[in-house]
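Novice: Have a look at this one before I ask anything.
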Amino acid sequence: MTSLLIIAVLVLLGIAIWQLTKIFHLTQVGSAANSDSSEIATDKDNSVNGYLMFAFVGFIYIFTIYSLVKWGHLVLGTPASEHGSDYDNLMAISMWLIFTVQTITQFLLHYFSFKYRGKKTRVAYYYADNDKLEFIWTIIPVIVLAGLILYGLYAWTNIMFIDDEKEEALYVEVYAKQFGWEARYAGEDGVLGKSNIRYIEGINTMGVDMSDPNAQDDIPSTVLHLPKGRKVIFKFRSQDVLHSAYFPHFRAQMNVVPGMVTQFGFTPVLTTDEMRLDPGIEQKVANINKIRSKKSVELVANGEAALDPYTFDYLLLCNKICGSSHYNMQMKVIVDTEEDFNKWLSEQKALGTAIKELQESAQEEMPAEEEVPMDDLAHTVELDSTMTTIADSTAVKNK
Ligand SMILES: [Cu+2]
């Protein structure tokens with residue numbers, strides 16, 4: 001509210017000054033100081049504008065250098081996936097190209113505006129066209145852009161190509177909803193069971209179709225564990241609105257669309273522990289902890305608890321503004337060695353087992369006459385023809 005008032009006061013002040021200058025101008029009409037009252041620019045006006053052009057290009061250069069020095073360290077650093085370096089390479093080439101071209105063209109634009117600024121004695125030179133010149137300034141961008149686009153397409157197909165025949169790939173479903181993520185591992189059969197929003201019930205929060213034999217060994221998880229050096233193929237589903245699964249450290253992002261399955265695959269190359277030892281990450285962590293300890297001093301002074309020190313973890317973030325808590329829609333990603341990953345996975349409970357156990361314990365607690373049917377989850381809905389189509393379209397087929 002205070003800032004709104006300040007803005008209103010500043011706007012009103014601006015209007016007042018503007019009106020005052022108008023009144024001042026009106027009082028000067030006819031006086032000697034304002035003899036040249038025409039709207040046509042004089043040599044002096046043109047000179048001032050010419051030098052301002054120079055000043056502006058100087059400002060652009062200085063601000064660019066300042067930005068690079070001040071914020072340059074905020075880039076992501078070492079990529080943690082196999083395709084990450086290709087991606088970074090493409091980004092670096094594009095950025096350097098744009099940077100160089102813009103530095104040169106901005107200088108030329110502003111320099112010529114200065115050099116050929118208006119003068120009473122100067123007459124414009126009539127120059128119709130020059131085929132050779134036009135050919136040169138058309139063909140150079142064509143060649144450069146074609147090269148860049150071809151390289152981009154090559155990198156894109158390399159990154160996006162998923163070989164479904166590869167046996168060793170790990171299939172993981174990533175399920176998005178307002179405002180969080182869940183993961184489901186395909187289990188021993190390597191096939192994710194069918195799923196549909198209509199099957200969501202109790203602990204079956206992802207709507208897995210428990211009548212599908214492939215679904216029995218599926219493993220749900222609230223933390224995304226990934227093995228280092230093994231291709232992981234993600235199948236994305238959304239429960240409600242459009243989300244976007246964004247793994248910044250792995251240079252990966254894919255839209256998560258309700259009613260369909262999207263996919264993306266990458267191979268992690270650095271475990272969480274290895275990434276924590278990366279000099280860039282160590283620097284970032286030190287920075288964050290410096291800010292946190294400063295903040296903690298304030299908090300403690302106000303009688304509140306101090307902040308915990310930060311340790312690095314990979315994150316899966318939502319990168320589509322999907323509602324009020326979008327900013328906090330994230331899931332921890334842990335990259336382990338293949339051994340540690342397999343050990344972790346073997347300790348997890350399959351969804352089929354978890355549901356069965358829950359039903360059994362519920363049955364024990366209930367009196368004998370009120371028996372809970374064992375296939376309670378399997379017969380949740382009798383599918384009509386439309387719903388079968390939906391279920392088929394969202395069914396995840398891996399093999
Ligand atoms: Cu979201």
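Glycine is treated like the rest: Cβ placed from N, Cα and C.
For reference, TrEMBL lists these features for the protein:
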- 48-69: transmembrane segment (TRANSMEM)
- 68-163: domain 'Cytochrome oxidase subunit II transmembrane region profile' (DOMAIN)
- 90-112: transmembrane segment (TRANSMEM)
- 135-156: transmembrane segment (TRANSMEM)
- 167-347: domain 'Cytochrome oxidase subunit II copper A binding' (DOMAIN)
Novice: Under 8 Å between C-beta atoms and at least six residues away from its ends: which parts of the chain pack against the transmembrane segment (90-112)?
Specialist: 53-54, 56-57, 60-61, 144, 148, 151-152, 155
Novice: By a Cβ-Cβ criterion of under 8 Å, what residues six or more beyond either terminus of the transmembrane segment (135-156) are in contact with it?
Specialist: 83, 86-87, 89-90, 93-94, 97
